[in-house]
Amino acid sequence: MQEHKTIYFKEYTPSPYTIVSCSLEFIIEESSTRVENIMEVQRRDSEARELKLDGEMLDLELLWVDDILYSDDMYIKEESAIRIPLDRDTARIRIINRIYPDQNTELEGLYRSGGIWCTQNEPEGFRRITYFIDRPDVMSTFTTKIIASKERCPILLSNGNLRGTATLDNGKHLAVWEDPIPKPCYLFALVAGDLGSIHDSYTTASGKKVDLAIYCDRGNEDKCHHAMRSLKKSMEWDEITYGREYDLEIYNIVAVDSFNMGAMENKGLNIFNSHYVLADEDSATDSDFMGIESVIAHEYFHNWTGNRITCRNWFELTLKEGLTVFRDQSFSADMNSPLTQRLDDLRALRERQFVEDAGPTAHPIKPDHYMEINNFYTATVYEKGAEVIRMMHTVLGGEKFRAAMDYYFEKFDGKAVGTEEFLESMQSQSPVDLTQFKRWYSQERTPILRVSSEYFPKSAELVLKIIQIIPKNTKNQEQLPYAMPLRIALLASDGSEYELKTDDVTLLHQDVLWLEKEISEIVFKEIATPPRLSLNRGFSAPVIIECETLNYPFLMTYENEGFVRYEAAHRFGIETLEAMMSGEEANERYIESYGALLCDESIEAMFKSQILELPSITTLMQRQERIDVAAIVTAQEKLKQILAQRYFGELHKNIELLYDPSNAHIDGVSMGKRALKNRLLGIVMSLRDETTSAVCLEHYRQSHSMSERLAALDLLENYAPELAKSALEDFYNRYSDQTLVMNKYFSVLASSRRVATLERVIALQEDSAYDVKVPNLVRALIGSFARNPIAFYDQSGDGFAFVADKVIEIDALNPQIASGLAGAFKNYGRLNSDQKILMGRELERIKNHPNLSNNVYEIVTKILEAC
């Protein structure tokens, strides 16, 4: 039975020893890999007498200390470490051990993906390669020699710069890589295999040439060009925006199918989930292209925010991830539409992080404890962490934020630091004291701002009252008010803005309130007429706004700030649907306002596709005290049908105007037109009429764009199942040998609203294109089913039982993927009594399964204990 131990931030102490340099030799054979590891160790703490080296699933063969071969009785070997008596300031430790990449289904450390040997070491995978001080505050230089069959592994890659190659006897060859820049071992990487590649170069601002390469399975080379363009744009953007140049001679990217995460920023050798590298117009959607650009940038930006300056322990993970997400979001906004990028970021935050923050697994962006660190690569640490950085950017303004970042880079380069050092850098340029702002790092849940106002015509003043409501944390403890920036405007009847004049609160940049109190009353002067409120412009703070006096139709028509206009439509849609769920008729003002947006030709297509989106099932579920998926779906479909009937002609006219089957170009205008066309087709397909269904089938058959084909396929599956049969068969026959595209196929079927979805998912597990050992395929089939509220929350409880079976099965292979699936049970406490009994039975079954991983145990126990 595995021990389930909790690790606490308060227990952190610096490592008593460090490893200055590490020389590695890998001899890769078909059935195993021999690793020789020579470490130059230095003592940091003069009181230290014992060196602990982490190691898991290693066959230790030989160990030397300063050229003395140690016998077994000269050190202590434990299940996850060895302890070596060491009472000296420096020592050379030499270790030879053997590992078995073929048997590594958890995909941590060195493993084999098809014919490729590759690594994933963040957060604690390096200890599965060799013995080491496996923690991020130990930074070492690495030299790596790789020896392998030249036929089987013609490509040998590792971190840093290539220093030599040679051909050996017996058909083998070697490559030597040197990374001169100290890094923690989680950034070590190795790839060996028979790979195709594309090559390019980039000249930095100082004139240094960097060789660029992207490696992939042979035959996929032509799908790498978008990723290469994205890399070069990222390098240029980081030079211009942050003054950061790349520091090595080579930058390599490798795409692999079997990968737990999206990508990994290993120094000079990024390893990517192939989903975030490979794309062409036939096989990738517009969102795939955008995702590749974003993730390529994210991993490149880590070179400075994560690699050169890393986190001192894993509790500080948001230091590198929150900051780097903010940087990649800013990059994507500059490369594309800032508004649509911001709305995409917001939608992801609400659908994932707000849900997480409201549930049993809520945690601060800087948690104070964990059982399994892999469980904290979360939307909270990443996306909410990015919003915290964005708030600091809002407070400081662009110029001062850049100066604060320069301070951060200059003072802490080459160090492992924490969020305190980052906040020190921000405080150096901040116009306000950030002490209270630090609560964003230590508190959980999403704050609520309850806003009310009163207008006084005689004095031409508006009194704005803002109350911070901070929900209790998961331990049922009270939490304190935050400090935050809130960007607002007061609008006249024609949409023009009043100048904000007040003495009651710090006003930043003319339109940003600096809020610190639980209750703030702010008097605005010289307001000639009763204003309309425009709140949290640009989503300046990650909060929920409650305000009964917001005029949604006015804001949908006259507001010129995109987020508030979108938010008005979104909130009006929520109110309309919730009223319909209570038995009321659809709100006529909402229907009219929706039609006005539909007919407004001045609205850019991509933004129109976003503002016309109805609130999702997930959004509405989170607002229910007791989850009732059926009521949500009934209201959603009824509202779609009302809109489709009212605007049938306008919808079809726009669909025809927007449809250009031969245009699969990846540019803002083309993508916007496709997104809007797909949105409108989704509304009118709710009528299930033959004319629209035939149009949808034509779009599937004729379009050159995967975005249009996939959207049509999904709509046919849900609204015209008879027509869907031929389309699904065609899709399968065309793409069954392309794993990335088959992910989409499995996701469409597992997300279906049709009655027999569970039976189809069970059957699809036997399909030759499915492999339970490939994380992308598991996420596409099992993960999509677990996120399908109609099928998962079926009254029978069969959906709960199926996902529980899969959690247990996959936990034995890959605990990271299994724990992600276990998160599907997070709404346990909000189910009706019958469903709660059914889900509770499955949670207990998972929890009591023998040899359950820490990954899954931590998630399941949090869900159960919250109730």
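Backbone N, Cα and C define each Cβ position, glycine as well.
What TrEMBL says about this protein:
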DOMAIN    104-187  domain 'Aminopeptidase N-like N-terminal'
DOMAIN    227-440  domain 'Peptidase M1 membrane alanine aminopeptidase'
DOMAIN    446-546  domain 'Peptidase M1 alanyl aminopeptidase Ig-like fold'
DOMAIN    553-865  domain 'Peptidase M1 alanyl aminopeptidase C-terminal'
Original post:
Along the domain 'Peptidase M1 alanyl aminopeptidase C-terminal' (553-865), what average pLDDT does this model show?
Top reply: 98
**OP:** With Cβ distances under 8 Å as the criterion, find the stretch in 104-187, 227-440, 446-546 that has the most pairs with the domain 'Peptidase M1 alanyl aminopeptidase C-terminal' (553-865).
**Re:** 227-440
**OP:** Using DSSP, tally how many residues of the domain 'Aminopeptidase N-like N-terminal' (104-187) sit in helix, strand and coil.
**Re:** 6 helix, 46 strand, 32 coil
Original post:
Can you tell me how the residues of the domain 'Peptidase M1 alanyl aminopeptidase Ig-like fold' (446-546) break down into helix, strand and coil by DSSP?
Top reply: 3 helix, 45 strand, 53 coil
